[in-house]
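Worksheet: the structure to be examined is printed underneath.
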C-alpha cells in the first residue's frame, strides 16, 4: 500500500473520462487554492502558501468582508446554526470553487466560494440535545457535526461524522424537556459526494457497537463519545478521533479507521487499552478540534487528554517511549499505520506530572501535535513537533524520540524544550518557516508569544521567546489555532492570522518581529460577532472564511481583480547615491471602465514621479495613460517603493488601488566609512593580559577611502583628545588599551580589522573612545574594560539538617548522612566567589555533575552550576543534589552510595576538583535484632510459591489490613521456625524447609497490607506466578539458597522406600499416627522406630504399623508427590497415597487364612459376600511383602434408597446445630476440609466431631474414625449422587455413618460463619454450583492437576471453543488414556500424565465449562483430569444376592490377580486384516462370525465401548443380547471403539474398520455384557419390569465375571440410531421401548443458517475427512445446523453427519463429491426435537454441506500471516519448543489469538522475538533460548491455525512459529 498525504498534492488537470456504458463517470478536480483538510495539510502546522494572500493587499483598506451568508437551519427554533466543524474549500469538475460547511444541527451546505451563495444543502439526521448531557454545556443546545471532515481529491467525496439519535427518534418528536436519553445517542460516519451532497455507496456506517480491536472489553457507545478532531485520510484509509463530553460518563479515547471505498471498519483503537476494567475512562482525543497528523511516511501523530487508568507510577518508574503503556492518557503518540489500516503504537511522550494533570483536569491534548516544516531542523533534532496543553506548557518534541515518561533528568520530561506560559492553551501553534523560523503560541488572557528557532553549538534545537503580539487574547476560552500564510513561500510575504472570541475577532500580523524587539506589527483586524471557539481561519483563492455560532459564515478578501495593467514592477538597475537615474515611462491599460483619481508615491525620497496626466482622467476599456518615474537614491542598498494609482471603477469587484512597484540598487561613488562592532568590552584579572578582540573598519563606497586622522579620548566620544604612545612593537597604547596600527586607506567595498588588547595594572573600570576622520565620513568606536582581582572559589555543602554549611576539604566527601529506603534527601551544593569586591567572576569551565548516572546520589538538573556559569564577586550559586534510596525489602544489609562531581571554577589556586559525595542507605531492620543491631531474620529473596505445593509448612495468619514483614517474622520467631515468608499482600507462612526456586527480586511486587513500603510476595514480572518473600533466622540458616532436588527419599536409617500405595478401604498403616507442620521422612522414621513399617501421607501425616492393609494397592511412585511440610526436597505421600518404608531385616513368611465375618440386619433383602484372594510375589524393592488375606462372608441389608449405607449405619440429619449436606469426595492433592483435623479416633462419633469443630462452618467424618474441620469446602470436592462412598460406621457409634475411603459425610452450620475468626470470608453451603462429576462416559475423575512449568501436561491433541463440556472433551479424546479440561473452554488429550503434573491444592479448578455451567472445566493453569476406566479394579471374588420386588437379581464376581497383568481366561486371537477377510471365526463361547475387512455396516448401533483388540470386540458381541454385527476401529496401540449392532446395515468401505457378522444359527441369547468402571457399571437399569436378564462380562483386560438373573424375561429395546464413528455409551435400558424406523426426512432444500446456504449432500472421504479444519463437534442430543454454524463460524464450509456430528473446513477436499442420491442425507439432527423430520444432519458417511460466501471467512488453508511480514516483524521458521526451557517467555493466551495480536503485544513491549504456539499461545522475548537456538522443525509441524484467525498459522504442539523484529541482529 502506498500512503499518500492529503492536502499536499499538485493541482489536478480537469479531465473527462468515459468509464462504461452502464455507469456515468464522476469527474473530480482539486484547485491550487483549495483547503480539503484541517489546517491545509496533514502536518497540521497551518502554514499555507497557496492562497494568494498578499500582505500588501491584506494590510490595505481594500481587504475586508466580501460576504456574510446566513445558514437557514434552526431545529425546533432552539438556536441558529453553529459551525464547529471548520469549512473546507474544494474546486469541482465545473471549475468553480465551493465552500463546504457542516453544522451542529447535522445540516451540510455547499456555497459559492466567491459570493457565499448557498448552492445545495442536506440534512443528515436530527441533532443530539445538550439536555441529555446534564451540566456539560460546551456545545449548546444542539450537537451534530462538530469535527472537521476531509475531502478526498481523488473522488471528490467528503467524509464527516454526525451525532444523532437512534432511528426511533428521527421523527424529531422530542424536546429539551423530554429528551430521548443519552444512551440513545448514535454516531454515523458519512461519505458525501461534493457535487450533489448525496451519500456514496456503502455509506453511511453506524459506529455504535464497534468492539475495539486492542481492547475487546470495550464497545463504542455513541451517547458517551464525542467526535471533535479533524479527520485524516491516508491512502485508502480514513481515520476519525473521539473523546468525551466534559470527561463525563464511561468513554475511551478512540480512533476508528475505515476503508474509504467499502466503508469497512479496519481499525477500532481505544486509548484505554486495558487490562483495567472497562469502567475506567479517559484518554480522549479532541485537541480542541485539531486534526490527527501524518508525516507522509507511515506515522500518525496525536495527543490525548486525562484519564484514570494511570498505569505508570507517579514517580520512580521511568518508561522509555518505545515501551508505551496500553493506557495512553495525557500522551503525545506516534502510531504506525499498518498495511491493513490497523495502528501500532511506536512511541509516546507523557508529562512527568501526568497524575497531577489528571487531578487538575489539565489535558495535554488540548492542542494538536503539529509537525514542523523542514526549516525547523538541527543535526540532533531532525524532525520536530510541538504541542501545548491546558497546563500552559509548550513542549517541543523530537518526533523520532518523543521522550517516554519521566525519562528526563530527575524523572522529568525528556523533550527538546518546555516553556511554561502564563495560562492555559487550547490552540495549536502558529508556524512560520520564513525568516529563519518562528513559533506562535496563543495563550488565554495573554498576548501571543513569539519564539525564534535556532540550533545551538551542540546541534540541538532551541526556541527563544523574542516578542509578543501587541494585543492580548480573549479572557474567556476560545482563542483559535495559530495560522500562517505566504505568497508561494517567498520571504517578506508572510502573515500571521489569529481568530478570537473577544476583541477584534480576526487579527492579521506581520509574523517577522521588528529588529528592536518590539511587538509584532498588526496589519489589519476585523470584528465578527459570534466567532466559534478554537476556530482556525480557512482559506480559498484570496479569501478567508470564518464560521460563527450565530448562524453565519463570513468571507473576507479583496476584489483582487485590478482595473489597470501597469506591468509592475519596474527596476532602475544600479544608480549612484546622489545621482538621478534616467526616467522610466510607466504605461497603464484600463481593464474596465475606470476613472484615474490620483497617482501618489508612497512617501519615499529615493524615487520621484512626473508627467502624470491631468486628473481625474476617464478611461474606457483598453484605453491607457502614462507617467514617468526616476530614482534619486539618498542611501546605498536595495531600495523600493510603490506608486499607488487610485481609481473609481465602473464595475464592482475591482480594486480601487493599483500599486506599481519601483526598485533600485543604490551605490556610492565616494568612499563611505562605518565601524562594526562599534563597542568592544573586556573583563580581566589585573596583571593578566586579555585575549585580543577585533573591530572592523568598512568602506561601503566604490572608491578608495583615506583616513585623515584617528583621535583617542579617555573621557568621551567628543574629546578631549590625547596622543597615544607607540610601543616597541608598533602598537598604539592609550591608557590600559593597545591597538594595532590603524590603516591609512581602505579599498572600495572592503574592510580592515583592527585588533585591540586590554592590559590593566590596577583594578577598576577603564574606557577609551576612538574617532576616525576620513574622506568617507567620520565614525566612533567605544572600548570598555573592567579589571579585577583573582576570584576565589569557596565550595560548601549543606549540613544534613539543612541548617548550615560544611566547607569543602579535598579528599573528604560531602555526606548526606543516613537516608532510609523509599526516601529522598535534597541538599544544596554551593559555590561562592570569595575573591573580594574587585574579584572578576568565577567562570565554571568544567562541570561534570552526577546527573542521570546510576546510583542513589545525583544532581537534580543539568542547568545549575553548568559549564559557562559565571559567579560575580561576593555572589553564590547553588545546585540541588539528592540521595534517593529506592524501595528495598526490609532486613537487608545497609549500604553506601557514592558519586563524584568533576568541576573547575577558574580559581587558579584550586584548579580542577573531583568532589565526592556519600550517602548511607539505611534499610529498616525489623523483628528480633542481633547484638549489632541487625535483624536476626535476614531477607533471603523472592521464591516461587506452589512449586509444586506450599513452600512453607504453616499458614500462621491472614491479615487483610495490618500485615507486615515485622509481624510475620515475630510470629514465626515465637513458634521457633527457621523461615518466615509473606505473600499475597496479607498471608504469613512459617516453616523449616527452604523453598525450592529462588527467582528475580522484581517478581515479588505486592505491598504488605499494613505497610505499603514493604513487599509481601508477588505474582511475577508477567503476573503469572505466585511468589513468597522469604526471611531466615541467621542463627539457624547457613545461607545456602539452593535446595536439593525434590525426590522420594530412597532410605533413612534402617528403612528403605517400599512403594507408593493407593488407599481404598482404610489406612495402609494404622497402628499409630501423628501430624506435624515440620514433617520429614526422617521425623516419621524416628516416630515409628518401633515398627516394621512407616508411611507418610498428605505432606504432614505419619503412620506406623506392623503390617500393610491388604486392600491398599501399589501405584506408580510418581503419585506420592506432595512435598513434606518440613522439607521441600522430600516427598511425603499425597492425598490417599501413602509413601511406605520398610525396616531392613527378615520378612514375615508367606501365609494364607480364611476368617469368616458375618453380620445381619432386618432388611427384606440379603447379600452374601465371599472374598478369596491369591497373591504371588511381586518385587517392588529389595524386599518382598507377603500378607494374609481373609475370606469374608457377611449378610447385610441392601437399602432401597440412595442415601442408605450397606452397613446399617446412616448419617444424622443434624448434629449440634450442623445440618447434613451429603457425601462428598476427598480431593486428590489435599483435604476437602483442611483447617483443623483429628485423625484415627478409636471412638469417633458425629457428636464428638461436631464438638471438636465448633466455630467452623463445616465438619466432615471419614474412614470411620477421622474428623476434619474447615470454613471452606474445596471446589474439587463434589457432592456424590448417592451415599455409596460414605458406607463406614463411626468407630464410636455403629448406628452413625462416618464417611468412607476418600469420602466424607459433610455437615454445615451457617451460624458458625459469622463467629469464626479463622478465615477472612464465609463459605456458602456447597449445595449448588458447578461440580466435577466422578465419571464421564468411560472416564473416571482424578481431580485437579497442575500444568507443567514449561509444557503441557497433556499434549497429544487439543482444541478449544466456546461449546466446551466435559462430555465434548471426552468424545474428542476418545482413544486416549487421559483427557483434561482447562480454563472453561480448553480440552487436552494424552496417553500419559507426567509426574511433574501434580494434584493442585489451591482450588484453581473452579471455572464452569463454557457450555455447561453445572460442570467444572479446570481453571487457570489447572486441569480437571479424567482417566480411561480400567475394566476392573477389584481383586476379590464377590457373590451377591439381591432381592428387589418384584424380581430378584444375583450377582457374581470373580477376580484373580498376580504379578502379571495377563488375564486367566483365554480368547483365541483373531487374525489381522486383510488376510482374514471373508473367513469365519469361532469365539470361545462357540459363536461363529464372518469377518469383513475394511467394511463398516452403518446404523443399527446398540452401544459402543473401548477395547484393546478386535478379539475383545468380538467377545463383547458374544455376550450382548441381539448383537449380530461388530465394527472395531483398528488401532496401533491403546483402546479403540468397538460398535455393537443389532442388524447388518449398508456396507460402506472404510480403511479403519475391522468388521464381522454373526453367522446364521449362532446364538447370543441369555447374555448381556456390563463392564465395571471403578464403582459404577457402564449399564444402569432405570426401569426393570418383570423379566429375566442374565448378564455376564468377560472383558479382555480382566477376569471379572458379572451375572445378574431375574425371574422373568425382558424385551430388549431397539437402540437409537447412531454413527459407527460415535463414542456414545448406552446408559439405560427401558423395558417399555421397542424397535422403530427412523422418520423419513423432507425433500425440501434446507433454509439458510447464519449466512450459510445449503449446497447439498456430499460423500465423506474414506482416506481423509471432507471437512477437517476443526475437530468434530459431536452432540447426541442438541445438534442442529445453527449449532454447527456457530461452531464453524470462522470457516466458509460446515457439514453435518450421522445426525450428531459437526465438521468445519475452508473448502471441501477433492475426496468428497456431491452424491447422486441426495436422499442419502436422511438422518434427523439430534437436536431437532419432536419434529425430527424437519432438520437433516447428513447420514452414514454423508455430509449435509453448507457454504458461506462471506469473504471474511476462511476459505483457504491457513498460511503464515502477511506472507511472512507483519508490522515490524518478519517470520523466521518453525522451531521445537518442548519447554526445557521455553524458547521464549510466555506473554499471553487467548481463544482470539492471531499472529497480529501476538506481534502487537511484542511490539508494545519492545521485544526482539515473538512466536505463536498451540493456536492460542503468544510468547516473546529478547533472546531465543533452549531448542529454539538450533532445533528447527519442519514447517508442517507449525500447522495449527490461530483460534482467532483461522486463516493464519499459529505454531503447533510443542512447535513455535518464530518471528523476529526487523533490524534485530541474528
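Note that the numbers count up from 1, one per residue, in the order the chain is shown.
Glycine is treated like the rest: Cβ placed from N, Cα and C.
Among the ranges 1354-1398, 1489-1533, 1534-1578, 1579-1623, the one that TrEMBL lists as region 'Disordered' is 1579-1623. Among the residue ranges 1408-1436, 1437-1465, 1669-1697, the one that TrEMBL annotates as region 'Disordered' is 1437-1465. Residue ranges 1330-1349, 1630-1649, 1710-1729 are listed, and TrEMBL annotates 1630-1649 among them as region 'Disordered'.
For the domain 'WSC' (1651-1749), residue counts in helix, strand and coil come to 10 helix, 31 strand, 58 coil, using DSSP.
Put simply, of 936-1028, 1651-1749, 1768-1862, the stretch with the most CB pairs closer than 8 A to the domain 'WSC' (1338-1429) is 1768-1862. The DSSP breakdown of the domain 'WSC' (1338-1429), given as helix, strand and coil counts, is 7 helix, 38 strand, 47 coil. Per DSSP, the domain 'WSC' (1768-1862) is made up of 18 helix, 38 strand, 39 coil. Counting residues of the domain 'WSC' (1054-1144) by DSSP class, helix then strand then coil, yields 10 helix, 40 strand, 41 coil.
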